[in-house]
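Enquirer: What follows is a structure written as structure tokens; I'll ask about it next.
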Amino acid sequence: MELLAAAFSAACAVDHDSSTSESDARDSAAGHLPGSESSSTPGNGATPEEWPALADSPTTLTEALRMIHPIPADSWRNLIEQIGLLYQEYRDKSTLQEIETRRQQDAEIQDSTDGSPAGEDTPEEEEEEEEEEPASPPERKALPQICLLSNPHSRFNLWQDLPEIRSSGVLEILQPEEIKLQEAMFELVTSEASYYKSLNLLVSHFMENERMRKILHPSEAHILFSNVLDVLAVSERFLLELEHRMEENIVISDVCDIVYHYAADHFSVYITYVSNQTYQERTYKQLLQEKAAFRELIAQLELDPKCKGLPFSSFLILPFQRITRLKLLVQNILKRVEESSERECTALDAHKELEMVVKACNEGVRKMSRTEQMISIQKKMEFKIKSVPIISHSRWLLKQGELQQMSGPKTSRTLRTKKLFHEIYLFLFNDLLVICRQIPGDKYQVFDSAPRGLLRVEELEDQGQTLANVFILRLLENADDREATYMLKASSQSEMKRWMTSLAPNRRTKFVSFTSRLLDCPQVQCVHPYVAQQPDELTLELADILNILDKTDDGWIFGERLHDQERGWFPSSMTEEILNPKIRSQNLKECFRVHKMDDPQRSQNKDRRKLGSRNRQ
């Protein structure tokens, strides 16, 4: 991901069919070589004064890379076989390293920012620092070393660590930012290999186990494993094409064109698999409870050293994890390609297709669970007013829960009333609010309702402990076609704000959102994964970056995730704040680039990209 961020703008020189103007632009972006060292050039002993005299020395990056030979196919196959991490391990190590890298960047820049005022007060010290600066360039030229996959079963962690790369001299040619791009593409390939290895283990070790086949009824096996064989076949073909691309030249030309092709034409198998997730989870739980033989077999298979101590359930969710992670890997590549280039357009197209696949996967999961949930809610409701049809294909639950309603009109209330508040229960859907009273038998008696678009909320000023966490809910047009007002009390400040945010989604939040396009906003990164417990909450993955839109004193944050603009509440204890404004601004700028709208240049280049892809094949 962003950690394996390392190198590739120079790879544009690999495409021998590119036009002269494109090659010149790429050479200009990468810079002329002061003295490259390929397999035909002298060793490291050459000095700058000797560079002009070197025989056959390439003068541009394009010429230099054309002198580099492809890596034999066996080398890449051996590399793939040597990957010892299962995808679950690979993914966890990658995200943890990403978190740590952000922490270090935040701390380093913060320290330099904190130190700047002192420099302004002491000009002499500033001059001394300036005098020392010329000695630092060699350090800045050092290659970015990111130890991401330290693992005794794999000799290579990074693209730049491959023996063929080290011996080719290409690392003396590429600039650090170009190496970061190579690493970003290399991670996409190696992580796909790790994913394929784990997915293959799910099939060979679990699904095709002879005892498993005898224990499970075919219908149970179908729900539990779904179309995993189709997903495995697509992953295998995808990985082979990525390997073939890497075999063309040790400097990877591109991978996003391959990603685009598979996302557009083959990744629909992921939608089928992920959409089955609700039934898959339910079937798995039922089998564990009802079939002792199945429970014992799973426990036995999980103990096999092949599984590295990972549970069976972690293998079942691999496809969903991979398709979402693949989108983030393409985002990482997109952040590092040269702007306004053909390669940027390809990455944008690949990202757009992946976003469509991920969205379809999410919608598939939600559709299955929402339909059952709506049927269950409908059965529990008894209408005291005119009945409202609850079940609709376009309706889903946003939030439900108990609040306390203040007795009597707001103007005549008295704190001496025997019981100031009475319990009511709210069901808030995406287009409708239903207000009920809970009655015996786990039933709800509906006494009012209103379209969600006709709701308004207002927070009361602090009026003491009795009226703490009280807000006003106005129904501009209720079930009786009249305006109605409710004074409602929540159990905590966070619960009050969560209800107000859900009831009036367009209500102004404390901080701005991503769509405001301001270049600074309070931000956090996820350091502990969190699974949403309520519909208005947001599930967090490690290393997610979120803008803070609102927060409460009792430890909840309303945030907007940058990579997909999903919003929701989550505990602040699951995150840590990004304090440095430069890092926050950089995160927003990268997101603006990833999500920028289509432009005419992209449309004009689309056919050329497809033609170039066919020519390479």
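Glycine residues also receive a Cβ, built from the backbone N, Cα and C atoms like all the rest.
Feature table excerpt (TrEMBL):
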COMPBIAS  15-29  compositional bias 'Basic and acidic residues'
COMPBIAS  121-134  compositional bias 'Acidic residues'
COMPBIAS  595-606  compositional bias 'Basic and acidic residues'
COMPBIAS  607-617  compositional bias 'Basic residues'
DOMAIN    180-364  domain 'DH'
DOMAIN    396-508  domain 'PH'
DOMAIN    519-580  domain 'SH3'
REGION    15-54  region 'Disordered'
REGION    101-141  region 'Disordered'
REGION    595-617  region 'Disordered'
Enquirer: Can you count helix, strand and coil residues in the domain 'SH3' (519-580) using DSSP?
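Expert: Split into helix, strand and coil, the domain 'SH3' (519-580) gives 3 helix, 29 strand, 30 coil.
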Enquirer: Across the domain 'PH' (396-508), what is the average pLDDT of the model, as a whole number?
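Expert: Result for the domain 'PH' (396-508): average pLDDT 86.
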Enquirer: DSSP on the domain 'PH' (396-508): how many residues come out helix, how many strand, how many coil?
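Expert: Breakdown, helix to coil: 17 helix, 53 strand, 43 coil.
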